[in-house]
Amino acid sequence: MLLSETVNLLFSLLFMLSIGHGTTKDVKALCSTCKQITENFNKGFERTANKNFGGGNTAWEERKLSKYETSEIRLVEIVEGLCDSSNFECNHMVEEHEEHFETWWFKRKAKYPDLHHWFCIETIKVCCPKGTFGPDCNSCVGGSERPCHGNGRCDGDGTRGGNGKCSCDGGYEGEFCLDCAERYFSEERNDTFSLCKECHPSCTKCSGGTAQDCEECKDGWEEDQEGSCIDIDECSKDPPPCDNAEYCLNTDGSYSCSGSCALHFATAMTESKIWYSIVRESSSSPAPFFPQCATAGVQAARVPGRVIARLAPRVMLTRRAPAKAYVNECEQTEAVCTQEHQECVNTRGSYKCQCASGFGEQEGLCVQQPEADDSQEQPESDAEVPNAAQQLAEHDDL
């Protein structure tokens, strides 16, 4: 045996030993690097598809130098762009196997057009076909066509590493990824196929997708008389779950405590434009009413024209008139009174358009009025708005 052949054989043995004794991560990394190289080669092949020698006389150059399409010059241009300069693993693999690219380019490309399969799998043997794993490229659980029966990922899939075990997708479990996980139910199943769907949010276990299919209700839910799991309204419990200075917001299967029920509640208004306040008996200033406030006082439901509330000790509900309208239409970005010499006047729960000072309405238009003599009586002012304090004395029968 020639010395050069002995050296090449020794290097090949050392390379295979490094694969055999390397960690799974190292073996997978080699395959990943090789895959990236072949992908970049294909990109370079497409990038140079419409190029030529660039000498100005393409016909002469191709007669004398062969076609650029299959030339060594094109191969060199592609190979030079395979790796970033900072990627040591990539550059090392290209330099180590550069002769294989030449062999494929000039002798194997027509018969083996898939460079990744020829180079990474069959030649330097750092990868396996999809659906196989390990040094011998064994089939994954479930077969190479549908690893893990299509419901998971095979460890080492496509590489010379891994153990072939399945990591199941969400909703599936078991060695073969055919079983349904907790809070999922089986829609369809046979020896090689399984379709699992998620239970209703109220279920821990179920046989179907609705709240009536629950075999066991999840925490925060309870079974009603019809056998369905329904949400538990924790905020309506006595005593309520939140601190005395917080409001309770019920959610599906749970609740949250936040804010303050002491003095600064968000203002609420019913459909009949009546405003309500929570007033502590120990406080002299009323606080705006927050409709979800449950612990220090209030569990409320808004219905047309009324507010139904349940109050905690030392808290009472009063009705009051607002100092100004809930929404001031006159301050909106787009003008609501659009006629000439017209101005907007805000009212409780609405607004009105009237002619500006010095103008009077005639046939729907604001027309300038002559100045009045001093001797003429001044018109009486508009009737005063009823005192808001008078309305504080009014109470609804709650």
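Each residue, glycine too, has its Cβ placed from N, Cα and C.
Since this is a predicted model, take the numbers as computed values, not measurements.
According to TrEMBL, the cysteine that forms a disulfide bond with CYS177, out of CYS168, CYS196, is CYS168. Of the given residue ranges 69-101, 201-233, 333-365, 366-398, TrEMBL assigns the label region 'Disordered' to 366-398. Taking all protein chains in view, 25 other C-beta atoms sit within 10 angstroms of the C-beta of CYS177 (disulfide bond). Neighbour list (CYS168 (disulfide bond), Cβ cut-off 8 Å, at least 6 residues apart, same chain): CYS148, ASN151, GLY152, GLY174, CYS177, ALA181.
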